[in-house]
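What TrEMBL says about this one:
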type: DOMAIN; residues: 41-290; note: domain 'G-protein coupled receptors family 1 profile'
type: TRANSMEM; residues: 27-51; note: transmembrane segment
type: TRANSMEM; residues: 57-78; note: transmembrane segment
type: TRANSMEM; residues: 144-164; note: transmembrane segment
type: TRANSMEM; residues: 197-225; note: transmembrane segment
type: TRANSMEM; residues: 237-255; note: transmembrane segment
type: TRANSMEM; residues: 275-292; note: transmembrane segment
Amino acid sequence: MKRHNQSSVVEFILLGFSNFPELQEQLFGVFLVIYLVTLMGNAIIIVIISLGQSLHIPMYLFLLNLSVVDVSISAVIIPEMLVVLSTEKMSISFVSCFAQMYFLLLFGGTECFLLGAMAYDRFAAICLPLSYPVIMNKGVFMKLVMFSWVSGIMVATVQTSWVFSFPFCGPNEINHLFCETPPVLELVCADTFLFEIYAFTGTILIVMVPFLLILLSYIWILFAILKMPSTTGRQKAFSTCASHLTSVTLFYGTANMTYLQPKSGYSPDTKKLMSLAYTLLTPLLNPLIYSLRNSVMKRAMMKLWRRKVDLPTF
Ligand SMILES: *[C@@H]1O[C@H](CO)[C@@H](O)[C@H](O)[C@H]1NC(C)=O
């Protein structure tokens, strides 16, 4: 085998869905709609919570942070994906690829911890209502939010600089929709064993541990729900729980399958589909699942709407 030197690769080519040329236009339309709905849904939440003084309590401030993270993930991934879909083969510079991987890991890692912190918050509010004000006071809340963001930044910094410190000697075609660790790692022409051990350990700490804690909180919450006296209240709480669990499982499940073994044997198309779950579906569904079903949020929205409608009368 001819060994190229490192400088032979100066940019990457993203193949996107080029093996399904007949689907490109439909996918472009679908992704564009998903992008616009994601931006709108999350923007509504950011505005309502920022303006609603009564919503400045941990539960809603977590949701505010989550919406910021979700908008950011979409903005890092979808516009670039739309370009890939409208081009035969898109070239992407090292710097852009680095930036995309970095910000996806930053916001994705932050989301992993934020969802965990939110489940803990709900667990404390529902299962330990009397000590909740002490358990989730302002200081604890700020620490959890800070921890989520700082961990996201650390994960992104370590992982992205490690991946890009490897030599790339060609080929330079990434069979994926955007730059993320597993498909880029395929192009490395060096021993990545140590990195794979790190990825395995890191994914357990960042993805598996928060996920297990979330499952545990929800098991406790389910027990609390079963003890509720009213049947309708029980049904409502149950459906809320079920929708949270579905979205959380989709997010952590696909992220886990992708990152636990970055050089796993899944086909490129399977990897593309799984990546759509945590980059497109989660940011799209989170506003619907966590906020727009919530009656307090709905009331705040109505209040804001009425105030806005009243404005021209003075
Ligand atoms: C997350 O929430 C905290 C606490 O309300 C807030 O200070 C911070 O600005 C939020 N971060 C983002 C990025 O929205």
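Going from the start of the chain as shown, residues are counted 1 onward.
Placed from the backbone N, Cα and C atoms, the Cβ positions cover glycine too.
Residues belonging to the domain 'G-protein coupled receptors family 1 profile' (41-290) score a mean pLDDT of 92 in the model.
Counted as Cβ pairs under 8 Å, contacts with the transmembrane segment (197-225) are highest for 237-255 among 27-51, 57-78, 144-164, 237-255, 275-292. Per-stretch counts of Cβ pairs under 8 Å to the transmembrane segment (237-255) identify 275-292 as the leading one among 27-51, 57-78, 144-164, 275-292. Counted over residue pairs separated by six or more positions, the transmembrane segment (27-51) shares at least 3 Cβ pairs under 8 angstroms with the transmembrane segment (275-292), which defines the two as touching.
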